[in-house]
């Protein structure tokens, strides 16, 4: 390439000598002496043979040099700059794309997760069954099925965030599902309980009772709306979560208080080997009688991969993607303890320093307390962004 440029210079020079008039942009600047010159860019330089000026040789393909003279017809003497001009400084607008996950909201209602009725944290219910047994020795099934299959009756006031949802027909309310209080206006529940046959239950037909131990007691509140997760699809089990908005605000008492939502830091926590508690008024057995009092059961968390292997055997179309990390699974390997029909929408709870947190929403299972099939819950931590949006960050009633 260099020699092509030299030949080009020679051709240009020949044309110049032949016509005696320069017709190209080759400059012959006047200087104080024959050796000094001004190179392109205004740099001071000295006249040298092209071969002896590497900086000019390097730029021949981009621009013609300043020619001082010719040594014969084939050797141009060029203005070789004494110093190389620094490249021009350019500024380019740079868009920085963060690779970090967006910060999840911290949704805490002041005083949430506290039980105002004094209860021994290691024993609950009339039978004194431990709700937080040692992790290394989880509870064994007694063979009987109580809860919510396999549980015990809760002590009055043990779970002040429990809510019972009723559907009214001709003015008569019928128990429909459960939920958990997360603020004075919102109840967390399951989507599948409110979307039936492609239609959402009319809010005016719904009522929520709180503060009751017996299923037919408690304070009743009308429902303003039910917000179903936008990605929930009927007859599938994914994104099975909903929020009930009440027409009137709840009055918090010893028997009515919100449960805490998970901290953002728990989103990826598998809760391995943790003992969790479910509560509700559901069936005492699969297709069995319904409980008339609030019951509870404590069960260990089952790893998602193990849970997925279990449900893969059923080859059910409602789980086309298997059990994902947006679920939590819990139950005894030998069965005997589980949530059951009617417990849908109720909370799966975890205690942390005496503060109770809703980590799951009762979603589905294979029958109830079936051996080898843990209960499956919508993982609340996976939906914190959606909950914050729907509740307008719990209507700003948030404390960090």
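Start at 1 and count along the chain as shown; that gives each residue its number.
Using the three backbone atoms N, Cα and C, a Cβ is placed for every residue, glycine included.
Keep in mind that what you see is a predicted model, and the values were worked out from it rather than measured.
Here is what Swiss-Prot says about this protein:
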- 1-23: signal peptide (SIGNAL)
- 36-80: domain 'Clip' (DOMAIN)
- 37-79: disulfide bond (DISULFID)
- 47-68: disulfide bond (DISULFID)
- 53-80: disulfide bond (DISULFID)
- 140: N-linked glycosylation site (CARBOHYD)
- 148-392: domain 'Peptidase S1' (DOMAIN)
- 192: active site, charge relay system (ACT_SITE)
- 240: active site, charge relay system (ACT_SITE)
- 251: N-linked glycosylation site (CARBOHYD)
- 307-329: disulfide bond (DISULFID)
- 340-368: disulfide bond (DISULFID)
- 344: active site, charge relay system (ACT_SITE)
- 352: N-linked glycosylation site (CARBOHYD)
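If you take the Cα of residue 352 (N-linked glycosylation site) and the Cα of residue 240 (active site, charge relay system), they are about 25 angstrom apart, rounded to a whole number. Rounded to the nearest whole angstrom, the C-alpha distance between residue 344 (active site, charge relay system) and residue 251 (N-linked glycosylation site) is 25. Annotation note: residue 352 (N-linked glycosylation site) sits in a strand segment as assigned by DSSP.
With DSSP classes pooled into helix, strand and coil, the tally for the domain 'Clip' (36-80) is 12 helix, 20 strand, 13 coil. Its own atom aside, the Cβ of residue 307 (disulfide bond) has 22 Cβ atoms within 10 angstroms in the protein chains shown. Among the recorded positions 79, 251, 329, the ones whose Cα sits within 10 Å of the Cα of residue 47 (disulfide bond) are 79. Annotation note: residue 251 (N-linked glycosylation site) sits in a coil segment as assigned by DSSP. Sorted by the number of other CB atoms within 10 A, the recorded positions 251, 344, 352 start with 251, the lowest. Every protein chain shown contributes to the tally, and the Cβ of residue 79 (disulfide bond) ends up with 26 other Cβ atoms within 10 Å. Calculated from their C-alpha atoms, the gap between residue 37 (disulfide bond) and residue 192 (active site, charge relay system) amounts to 86 Å. Checking Cα-Cα distances from residue 53 (disulfide bond) against the recorded positions (79, 251, 307) with a 10 Å cut-off leaves 79, in sequence order. The disulfide-bonded residues examined here are 47, 329; by Cβ neighbour count within 10 Å, the least packed of them is 47. Taking the Cα of residue 240 (active site, charge relay system) as the reference point, the closest of the recorded positions 79, 251, 307, 329 is 329.
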